[in-house]
Amino acid sequence: MEVQCGGAGFIPESSRSSHELGNQDQGIPQLRIVLLGKTGAGKSSTGNSILGEKVFNSGICAKSITKVCEKRVSTWDGKELVVVDTPGIFDTEVPDADTQREITRYVALTSPGPHALLLVVPLGRYTVEEHKATQKILDMFGKQARRFMILLLTRKDDLEDTDIHEYLEKAPKFFQEVMHEFQNRYCLFNNRASGAEKEEQKMQLLTLVQSMVRENGGRCFTNKMYESAECVIQKETLRMQELYREELEREKARIRREYEEQIKDLRDELEREIRRARMEREFKEREAIFTKNQQNARKEVENTSMILELIIKAWEIASFIFNQFMKD
């Protein structure tokens with residue numbers, strides 16, 4: 001099966017096959033969310049709050065606890081909820097080899113593209129340094145990505161009795177400019193919340209994400225680099241699926257030979273039928289394993305180091321530039 005690779009643009013989910021979305025033959029829709037922000041903004045804690053369990057390492061630390069892009073999956077409202085936590089790869093001024101690798105991993109884990117890019121910013125003293133980090137992220141993703149972005153303000157509990165609108169009115173001008181960039185699409189989060197408050201803020205955020213997805217016509221954010229990476233992932237997924245298919249055929253041929261060898265020496269017809277029934281059961285067992293392997297092939301591909309090398313090679317051939325990696 002040949003995989004055709006197109007150009008940049010917005011990808012409607014309905015136009016993609018199930019294995020492109022990582023759910024071969026299951027038909028489960030995905031909602032892919034990426035956490036972006038400066039080191040120490042609280043991305044990992046936010047990811048844990050969204051997923052409802054501690055799956056990302058988080059804590060108070062001067063250095064980033066998250067060292068590599070990590071992907072965790074849960075279910076919500078009949079969808080596969082995919083959350084990708086990113087390290088401080090967007091803090092670096094000039095991407096080095098490690099940064100390039102993490103950018104590649106980020107694209108591989110979110111391909112064919114995220115539905116929502118959450119820029120995590122803690123409430124409090126929004127400094128010029130923090131503003132520069134925010135602008136760097138916005139610049140790297142380009143104007144096209146704004147339609148898919150939500151400003152997620154953490155440390156809601158620090159507001160205490162202060163009204164959020166009053167807080168925003170008194171915020172520095174450059175922070176208000178960021179709010180304008182996001183068309184006032186923001187959500188407040190308290191990562192220390194528990195019980196009803198925790199569930200309510202999760203519902204508010206995911207409802208906002210769903211609303212944004214509808215506004216975007218059910219499309220995910222993509223561009224030429226995503227298209228190139230998705231093409232590589234699809235090709236490798238199909239290659240792995242074909243290897244599993246060949247393995248199944250070899251196994252079935254071996255089982256058939258063994259049982260036919262046994263059956264030919266049997267004179268009792270009932271015993272022959274029993275052996276044939278056993279053979280069919282073994283066939284079904286192998287086919288069940290094959291089906292599971294087929295469904296998980298894409299996830300296997302995404303988790304190999306080889307796929308990162310293949311994507312980087314494809315990007316080098318296409319002359320993509322890492323420090324402009326998300327621009328149109």
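The backbone N, Cα and C atoms fix where each Cβ goes, glycine too.
Feature annotation (Swiss-Prot): of 37-44, 197-204, 293-300, the stretch labelled region 'G1' is 37-44. Swiss-Prot tags one of the stretches 54-58, 64-68, 274-278 as region 'G2', and that stretch is 64-68. Within 10 Å of its Cβ, the residue among the binding-site residues Lys43, Arg155 with the fewest other Cβ atoms is Arg155. Looking at Thr39, Ser45, the binding-site residues in this record, the fewest other C-beta atoms within 10 angstroms of the C-beta turn up around Thr39.
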